[in-house]
Amino acid sequence: MFQGNLSRVTEFNLAGLTDKPGLQVPLFFLFLGIYVVTVVGNLSMITLILFSSQLHTPMYYFLSSLSFIDLCQSNVIIPKMLVNFLAVKNIISYPECLTQLCFFATFGIAECQMLAVMAYDRYVAICKPLLYNAVMSFQVCSWMIFGVFSMALIGAITQTVCMLRVDFCNANVINHYFCDLSPLLKLSCSDPFINEVLALCFSVFNIFIPTLTILSSYIFIIASILRIKSTEGRSKAFSTCSSHISAVAIFFGSLAFMYLQPSSVSSMDQGKVSSVFYTIVVPMLNPLIYSLRNKDVKVALNKFLERIFSCKQN
């Protein structure tokens, strides 16, 4: 245990998604399949962008960063989850739980902020196309990505350090499938007021502000698209945003359902289902959304595969 923490609990028991034994094995294979698709999809997206010169643009630099975030997030949550489906007792130690919480918060915050950055990139591309190369230079993009991960690390470490002041006495069953902040605070036998206020502040900063940025960007984008006279021009402009809109809707919708509900109307079981979407389903869907609905990615993928097959034949 940490010396500065007076908690009597040295380990926690994760309740998991369900307590029905007959569902454990089917759920194991379901989430194993999701995990494989997630890893393969995001690694493929990162590799494709890295080795395809036509994708070396700000939009795809941000997309590769998003794929990296999704890949890391899935590795924080799913491997432990798969082990727990087959284990008799779903035990996680106190240090391991806080470590998982820290990494989960890091990549969760990073995803929120990265989606906002991608919305701003689309705003500049569509509303200020003549200034795009100057505004979204490689140096600016690098600093934006650095800023996203810096904010994520600061937020996650702050929350995790503040958890060290929370005491856990007798109750040690976390009603979740991973160490999330809200179910952990419910087990506290000390006053969690400071942690709850801090969590609310971070939720507002990392959900409300990115959402406001995305909405503002798309209001200007839609206004610009409506001013385009040709139908083909409108369709082309909208197609560059449709994938991002889909990803944003799924991620922020499930996130808001989980964290912005009043405690009087929310339940932990609802929270588990909602969190499955933004911790597991979204990282799997993002590379599929951005590849299947993106002409540039499909063209780059075809060229990449042709290059591989020609190398094998030679």
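The backbone N, Cα and C atoms fix where each Cβ goes, and this holds for glycine too.
Per TrEMBL, domain 'G-protein coupled receptors family 1 profile' is recorded for 41-290.
With a cut-off of 8 Å between Cβ atoms, the residues of this chain six or more beyond the transmembrane segment (27-51) that come close are 17-18, 60-61, 63-64, 67-68, 70-71, 74-75, 78-79, 81-82, 85-86, 280-281, 283-284, 286-288, 290-291, 297, 300-301, 304. Annotation source TrEMBL lists transmembrane segment at 27-51 (among others).
Here TrEMBL flags 58-78 (among others) as transmembrane segment.
Under the heading transmembrane segment, TrEMBL lists 98-118 (among others).
TrEMBL lists 130-157 (among others) with the feature transmembrane segment.
Residues 108-109, 112-113, 115-116, 119-120, 122-123, 126-127, 151, 155, 158-159, 162, 181-182, 185, 234, 237-238, 241, 245, 248, 252, 255-256, 259-260 of the same chain lie 6+ residues outside the transmembrane segment (197-226) yet bring a C-beta within less than 8 angstroms of a C-beta in it. According to TrEMBL, the feature transmembrane segment maps to 197-226 (among others).
The transmembrane segment feature in TrEMBL is assigned to 238-261 (among others).
Annotated transmembrane segment per TrEMBL: 273-292 (among others), in sequence order.
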